[in-house]
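**Q** Below is a structure I'd like to ask you about.
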Amino acid sequence: MPTELPYAADAEVSLSYDELEVLRLQYEKEVEAGHVTIQTKFNYAWGLVKSPVSEDQVEGVRLLQEIYRSEPARRRECLYYLALGHYKMGNYDDAKKFNGLLLEKEPSNLQAHSLQTLVDQRLARDGYIGMALAGGAAAIGTILLAGLIRRATRSK
Amino acid sequence: MANSGGPPNKDKKRNPRAALDPLTTDAMAGSSTSSSGPSKLEVVSKAIMAPFHRRVDSNRILSELAPVIMTPRMMSSAGTVSSRPKASLRDKSSNSSHALDFATLGRAPLRMTLGGRRVTSRDLQIVEATEELLDAEVPEPEGVASDVSFLRGFNATIPSAEKSRSRRRQTRNLEVGEKLGLKRLGMSARGLLTEEEGHESVVSEEDMVMVGDRGRKERARGRRRGRESMAAGKKLGVDELRRQSDEIKRDKENLHVKRKLINNEIVEITHKIEALDKIRQKLERDLLKLQEEDLELEDELEGVREQLEVQASARGGSQRPSSMGPQSSRRRKGPVFLPSEHDDLPPGVAFMSLESHQTPITALDFSEPYGTLVTASQEDTQPRVWDLLTGEEIGRLRGHRGSVKCIQVEGNMCLTGGEDGTVRLWDLERVDEDDDWEGVGELSVVAEETDESHEDDGLLVEKPNDLKSIRNDTNGSLPEKTGPCVRVLEGHTKAVSTIYFEDDCLVTGASDKTLRQWDLSTGQCVMTMDILWAISHPTSSTPGSTLPAHLIPGAAAAAGSFAVPTPPYADGSWEMYQDFVGAVQFWGYALVSGSGDGAVRMWDMRTGQPHRTLLGHTGPVTCLQFDELHIASGSLDKSIRIWDLRTGGIFETLKYDHAVTALQFDSRKIVAATGENGIKIYNRTSMQHSTLLTNGHTRPVERLRYMDRYLVSGGRDAMVKIWAL
């Protein structure tokens, strides 16, 4: 596959409302006609993933999944978009999985590597928050426990 | 994220909560991750919660967290992730697997603060699909997938790809005007001009931007703007021109991409249509099959009902004509029960070949599927008896002094008619004794003697024991010498070419141009019907048909021998056809005969007079059969005609390339031997012809007989083939 993939930053640039609307209308028109071309479906899905609205992103990823299922020849390409979609939705784990699968197939894919680092960064950041939270919880826990123990010993 | 860059009109689409929240970016990131974290999170959270387990007040926060964190999906994935090989790569960062857990936990508070964004089923749906998708095979991209990436296609087809073009249009208003003129011309020619304006007012311009429509609309837009700026008449600079040429190049490339996409789509659709066509054909075949099954069931029901009636009337004591008996008529046989394996045989394939004859098969009949078969061939006086279950020859019927031309088998009873002018009745149960029996000559001598003495009055040669007594005395009290031949019926002066019997009533047709009716229980010739007489006294009841000059004048006029060369078979061979009476069949008192003068005659067996003659064939009739509605007759004139029994008119005519020598039909199909190697089947329901060839005869088929889905055919290649239908 040509490495014609957008970088993650591209996914952050949303289309204008009008543009997305055009893609949506095109898609819906084809749905009504009974035959959706893959490109149209992808266009709409990609437009949705680029959108900042989380419902749109979910829908976009869903469409990408449909493409992935029905078009085996397009799967490899789809892997990256699915990873991007999940990344945008914040499903970093899933993003990592899809991206990992892609890297397995194409170890030299630049875009995939860049996405990998981005995902890792996000995971690390969330990790710190989590650690802090767990740490805080642990601290509260120990304090409470200590208090309880003290009260118990004192009442004896 | 782009929440600052979006135009204001986007807000209406956005979750208001999310718009207000300062943490939107993270909300987007975190809110839908309801179930993102697989791995050992469950363990971790359990470990954290454990100390607080009984503290109602303090674990409130965490217990609220728990359902969010621990979706069922995570539970399951926690188990699967580590075991899956594909996951190894993702666990490469397993050093940070703790960090991973914390990451999930870290996102939890965000989720709580933004709790308004509900986790829809769609979120769950797509996340749950992950595993399945990851498991799917990822093949190498091929076809258009390797040429045009999604992104390429996307960039080529999104609306903004047209921007540069319309911009150029604006700057080059004159050209646009010209193009518009052309377009307008074309539109008016197609009568679309009037609609054009309405079109635009109904749908916004952007709505109409489709791969096909876009160009037109853009042009329309360009036109409007072009007109506005027409007066300005800009002069374009070198840079601008260069830029434009680059843009045009890019646009051309885009066009190329689009073309590829569309071509690919067309190819795909073609494939799909082909696949669907195949499915459709299959379904149609299934439908036809069902229809036939339905008819089959109807037939079956009818048969059962008839038997019921017969039994009821028998109990009532009223004596019905014997021909109405339950197993009376060949064509009315009830459902035949075939061995269950028969259904597994591929239809239309000959699954058994019996080869023992040396000459073309002249007659065959069998008792029932997988029962007993009797076959005869040219220049062979001994018909052979076969066990259809094993395909082995059981024995031979010795007695005739000429070749055998017609056979009918019912149960263990077998009648054969031969060139020696005799009809012989055989008991097939006794055939195996045949080999031990050595008195072949003795019987024929006896027959010969009686033959001379009784020839004229057509009495049957009375043998000391008739069929009934044989059946009663199967204990072996009979002399062993008798062998399978039970009776010899003599009377015809020339070759017996066709026989038909039901119960005790037998009708024979012979080359002496007479039909004779016999009583099998007494062996008497009950009646003789002279076809020559019938020809010379045309029946007045034939509606509107003037008897044409005799088709075979020599045959009709002279009492001499009848002989016509057959039209050449498919392999070029031909024979002298000498059977003046090609076929007979009766039901009750109604007798139908097909004869060498090309006529199909209907006789009343009570009076012995023909009451109707069906004319139409232009060659000798070789075979016929009738049912409640129709008579089907086959002739050397290379056609099969279906006659309406009531009106006497031709209901249907089937044309073939060669002479028809045998046929049998039921309500659904006509099976015929038409001088070709293949057996012809005409489906009366679908009006379609088909040919049985697989593993079939190597020379033209001449005789056939079927019951239910079991067909036996004999050909000029001296082979007998057994088919599953």
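Placed from the backbone N, Cα and C atoms, the Cβ positions cover glycine too.
Taken from TrEMBL, the feature region 'Disordered' covers B:1-40, B:76-97, B:310-342. TrEMBL lists B:30-39 with the feature compositional bias 'Low complexity'. Among the features that TrEMBL reports, coiled coil is placed at B:238-307. The compositional bias 'Polar residues' annotation in TrEMBL covers B:319-328. Marked as repeat 'WD' by TrEMBL: B:354-396, B:397-429, B:489-528, B:591-613, B:614-653, B:694-725.
Explain the structural surroundings of these features, please.
**A** Looking at the coiled coil (B:238-307) alone, the prediction's average pLDDT is 88.
Listed as Cβ neighbours of the repeat 'WD' (B:354-396) (distance under 8 Å, sequence separation of 6 or more from its ends, same chain) are residues 336, 338-339, 342, 402-412, 414, 416, 418, 428, 431-432, 434-435, 484, 699, 702-705, 707-710, 712-722.
Nonlocal intrachain contacts for the repeat 'WD' (B:694-725), taken as residues 6+ away from its ends with a CB within less than 8 angstroms of a stretch CB, comprise 333, 335-336, 338, 342-343, 345-355, 357-366, 368-370, 373, 375, 377, 386, 388, 391, 569-571, 573, 658, 661-664, 671-679, 681.
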**Q** Sort the residues of the repeat 'WD' (B:489-528) into helix, strand and coil with DSSP and give the three counts.
**A** 0 helix, 26 strand, 14 coil
**Q** Run through the repeat 'WD' (B:397-429) and tell me, per DSSP, how many residues are helix, strand and coil.
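**A** Helix, strand and coil residues of the repeat 'WD' (B:397-429) number 2 helix, 19 strand, 12 coil.
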